[in-house]
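Taken from TrEMBL as is:
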type	residues	note
TRANSMEM	B:15-33	transmembrane segment
TRANSMEM	B:45-74	transmembrane segment
TRANSMEM	B:123-141	transmembrane segment
TRANSMEM	B:153-172	transmembrane segment
TRANSMEM	B:201-222	transmembrane segment
TRANSMEM	B:243-269	transmembrane segment
TRANSMEM	B:289-313	transmembrane segment
TRANSMEM	B:325-349	transmembrane segment
Amino acid sequence: MKYFRTKIKGLMALPAAILLSTSCFAATPSTADINTTGLAITDDTVTVGILHSLTGTMAISETGAQEAEKLAISQINEMGGILGRKIEIVQEDGASDWPTFAEKSRKLLVRDKVAAVFGAWTSASRKAVLPVFEKENGLLYYPTFYEGLEQSKNVIYTGQEATQQILDGLNWVAKEKKAKTFYLIGSDYIWPRTSMKIARKHIENVLGGKVVGEEYKPLGDTQFGSVINKIRLKKPDVIYAAVVGGSNVAWFKQLKAAGITAKKQTLLTISVTEDEVLGIGGENLEGFYSIMKYFQSQDNENNKAFVKAFKEMWGEDSVIGDVTQAAYLGPWLWKAAVEKAGSFDVDKVVKASEEGEIELKTAPEGYVKLHPNHHLWSVARVGEWKKDGQATVVYESGLIEPNPFPEGYQ
Amino acid sequence: MNFVYEKLMGGKQGLLGFVLLAALILVIMPMFFDIFRLNLIGKYLTYAFAAVSLVLLWGYGGILSLGQGVFFGLGGYGMAMFLKLEASSPENTKIQSTPGIPDFMDWNQITELPWFWVPFESFTLTIIAILTLPALFAYIIGKAMFTRRVGGVYFAIITQVIAVILTILIVGQQGFTGGINGITDLRTLNGWDITSDSAKYFFYFLNAGLLLTVIVISRFILTSKFGSLLLAMRDKEDRVRFSGYDVAHFKIFIFSFAAMISAIGGAMFTLQVGFMSPSFVGIVPSIEMVIFAAVGGRISLIGAVYGTLMINAGKTAFSESFPELWLFLMGGLFISVVMFFPNGLAGLWNDYAPRVFPFLKEKAKTKDVPPVVTDETGKGTV
Amino acid sequence: MFDEYTYSELGSIFAMQGFAGISLFSVLLLMALGLAIIFGQMGVINMAHGEFMAVGAYTTYFMSTLTETYFPSLMPYYFLVAIVVAFCVAGVLGYLAEYALIRHLYKRPLDTLLATWGLSLIMQQSFRTLFGAREVSPTLPDWLLGSYQPTDTIDIPLNGMFVLALTAVVTLGVFYLLYKSSWGLRVRATTQNRVMSGAVGINTKSVDRYTFALGCGIAGIAGAAFTTIASTGPTTGTLYIVDTFMVVVFGGAASLIGTIVSAFSIAQAQSLLEFFISGSMAKVYTLFALVLILMFKPEGLFASKVRR
């Protein structure tokens with residue numbers, strides 16, 4: 001916490017809005033009133049869980065998310081906590097192993113009685129913990145952009161669901177680049193496949209374009225020679241990519257080595273954030289586009305303060321990707337909902353969240369609002385990558401309504 | 001009575017070990033742990049099925065399978081398919097474009113239940129499938145390999161490749177298998193809520209009972225003439241063959257039997273954990289199962305259970321406090337168990353138990369199973 | 001699928017597709033060479049082979065960072081030095097591993113499998129502790145980036161050509177060492193009959209140790225070469241290990257020619273299949289075909305005696 005003794009001024013912008021709206025809770029309410037379900041809450045603390053992989057293959061991706069969550073929590077504590085209670089963290093390691101996620105989430109809910117859990121990253125880990133949260137009536141804030149097709153009473157999704165992320169970006173590329181033909185390529189698992197399905201329907205039915213190829217590579221595969229040749233043969237206007245993990249690096253390196261660069265080819269990806277660029281190298285991505293809801297380079301006051309605080313806490317070299325920012329929203333959204341409900345009880349917090357009035361005017365990504373379907377209203381942005389590993393935002397949509405079960409796209 | 005004593009329990013020492021184990025998992029653990037911990041132990045005990053199967057296969061048969069996860073997974077998927085179909089009743093899935101099929105199929109534009117899912121609508125057929133399909137699969141693999149005298153490291157590597165193939169297939173064919181997320185959100189078994197505490201207690205004891213039964217049956221197999229033959233094959237395969245035995249058949253049998261045991265473990269896993277995913281089919285879990293058996297002592301059925309419990313409990317405890325250290329410890333354990341304690345926990349027991357329980361003394365000397373560390377190079381037939 | 005293309009376009013595609021196959025071949029061969037020596041000549045199953053590759057890759061990354069910080073002017077050349085250093089570092093580690101671990105287990109091949117798996121876990125965690133959990137990739141010199149364009153429509157990746165050339169050099173080197181040098185003679189003698197070799201005065205223990213070190217060193221070179229294609233993380237090694245074993249086993253354990261032929265056929269099969277069907281299924285079919293062939297021909301393509 002020593003990071004926060006000073007330099008808090010810049011951060012006041014974010015809390016200010018919430019603080020104003022909740023100033024009526026000046027007197028600390030009694031624990032019996034705000035905790036009727038036996039959660040781990042004392043007269044001056046409330047315990048929450050953080051559940052991400054610290055070890056194993058997913059540790060690379062999940063590090064940023066848990067760092068952001070800790071940052072948000074320490075900022076909230078600096079401001080006096082929630083309902084007069086400081087937040088204490090119990091952190092568990094999901095170890096990139098789905099049953100471990102289920103086991104640890106059960107521990108957090110049953111043994112530690114945490115009031116909320118911030119965590120999970122992959123769809124598989126979310127699917128594994130979902131029944132536990134529903135059974136034990138816990139509350140999970142899930143940060144990753146994901147495939148949609150899910151809406152649980154016990155989960156708040158702070159990342160984008162597939163249609164939010166995909167559709168506007170496709171519209172942009174069709175309009176801006178006059179794109180008619182698309183080549184879809186992704187890693188072989190549920191998120192790329194669902195995203196590609198939505199993209200294909202949109203391209204064929206709405207944009208009147210054509211999908212000239214659709215390809216899935218096993219996770220971790222590093223050989224893209226044949227795929228790149230297929231792409232050459234098809235000459236698509238746009239390569240639309242959702243390759244993840246270690247494969248991502250191989251894919252972009254090999255594209256560049258094969259002479260497919262932004263000069264000749266438009267490439268739009270939905271799986272590259274600042275985190276991935278670290279591994280891929282900005283020079284291999286230069287000129288390609290990502291669709292995300294957040295980029296570190298976004299130029300607004302909220303974001304500047306956030307980036308500054310993040311770097312102070314976690315080091316000058318840290319980069320912030322889309323998921324990291326979404327994870328940062330979790331504790332703030334929870335705070336807002338708890339204060340609105342005036343209680344930590346999961347049912348009341350969920351009810352307050354569902355009324356559609358929870359908003360963060362000062363989120364780093366800009367304004368977000370919680371939809372009754374537990375997802376966030378958010379903006380889709382197209383960023384163009386530069387050599388230094390940062391992106392320039394070249395397009396911003398309006399606020400998009402989350403639609404986890406999109407009609408006509410299933 | 002003598003039959004029970006000698007053949008099923010393995011004499012005085014075996015009986016003592018068995019009774020201690022039974023007391024531990026049936027009485028002591030349920031007494032001292034709440035349902036949350038007990039459920040965890042139940043999960044570990046499902047891995048013990050695979051470890052016990054490896055004792056038969058590797059410790060006695062000298063056949064190292066790096067693909068036990070395949071059979072564990074097949075058993076688990078069998079049970080998961082049944083539970084998923086029950087969870088996907090038309091009422092539960094009415095928001096789907098095709099109600100009545102599992103949700104992941106609906107997301108993948110599958111409009112009809114695939115033919116190989118249909119038998120899993122019946123509980124009886126599911127149980128039959130869990131008990132026979134993995135064994136049948138093992139029979140086919142074993143038949144193809146052992147009759148051509150593929151053995152030793154080649155067999156290990158090929159089983160590993162089969163594990164890789166199956167993982168890629170399950171992940172790639174997500175419309176039929178649930179993909180990398182696996183088959184999740186399993187709630188009821190014939191209408192009975194499997195996430196309730198009473199169900200968890202029931203499955204824990206069922207699991208423990210099945211495990212003990214499997215150990216007794218395995219003990220019977222090992223103390224029979226077949227067990228002696230297995231050991232003989234492990235140590236001097238050619239001599240057994242020259243004595244007129246068809247070595248391949250014995251190997252195929254024990255491989256199929258081991259597959260069946262692992263599959264039971266997988267099915268119990270699904271029931272207790274509530275989902276099944278391809279991460280239990282691949283290389284890493286398969287090798288971990290081998291280390292469970294190795295820590296237990298690879299020729300001790302009961303040791304395998306303790307090995308499994310010890311490593312998993314260690315994993316849970318260590319990964320909570322020192323996630324960094326855990327891999328070092330695990331790696332060190334692999335190395336030391338191979339180099340310094342090839343007889344594992346069972347070896348320690350055999351060395352020290354007679355001192356603690358003097359009445360075991362005279363028996364322990366005569367009942368010694370031949371040591372593990374022998375010249376195994378004769379095994380590879382290539 | 002080819003109707004709408006001119007012959008010259010198709011020609012270019014096929015040329016590039018051929019190169020994609022050859023490039024995969026060189027990658028597989030480079031991975032498998034070290035293992036072929038260790039497994040083929042010594043009968044040791046080294047599950048940590050992938051981690052020795054990662055050692056090479058991390059060494060390259062380390063050299064790249066070092067050069068970038070202290071001698072930026074030398075950036076174009078560091079990569080060649082890094083390959084040599086990678087070879088030495090991985091070789092020395094291999095030497096130590098043999099001394100501390102492997103030599104006690106020569107008579108128990110299945111146990112080496114477990115012990116080296118343990119070794120691989122320890123190495124993975126060491127990478128994580130030393131270099132962090134994130135994937136890293138070294139800054140490559142410019143001459144390794146981009147492509148060579150003999151005609152307008154053909155792009156041959158430079159890194160692919162580099163790996164191919166490196167593989168050729170390493171393969172020739174291994175051949176020379178094993179079949180032309182007196183040391184190679186001793187290795188082969190030990191492979192064929194350890195007791196007799198000892199009797200005629202060959203120090204079989206030293207032969208073992210250097211053979212293992214050489215195999216690991218070559219893995220280090222492979223790792224260095226891979227940094228031109230993909231990134232390196234703590235668990236990178238496990239991605240390659242099964243493929244590598246398949247190449248060696250399919251080729252026939254003790255035959256270097258077999259390893260080359262097997263790498264070539266697997267690479268061509270896979271890249272051709274990938275051209276016509278989806279990547280995942282191509283991999284499944286390739287592996288499945290290999291298992292089937294191995295069931296009928298368990299000794300692999302080129303059978304040879306393994307040390308007993």
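Backbone N, Cα and C define each Cβ position, glycine as well.
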Seg_contact(the transmembrane segment (B:45-74), the transmembrane segment (B:325-349)) with at least 3 CB pairs under 8 angstroms, min sep 6: no
The transmembrane segment (B:201-222) touching the transmembrane segment (B:123-141) per 3+ Cβ pairs under 8 Å rule: no
Long-range environment of the transmembrane segment (B:153-172) - Cβ separation under 8 angstroms, sequence gap at least 6: 63-67, 69-70, 73, 77, 141, 145, 178-180, 278, 281-283, 286, 380, 382
Long-range Cβ neighbours of the transmembrane segment (B:201-222) (under 8 Å; 6 or more residues past either end): 7-10, 14, 18, 21-22, 25-26, 30, 35, 38-39, 41-42, 45-46, 48-49, 52, 55-56, 60, 194, 230, 257, 261, 264, 268, 271-272, 301-302, 305
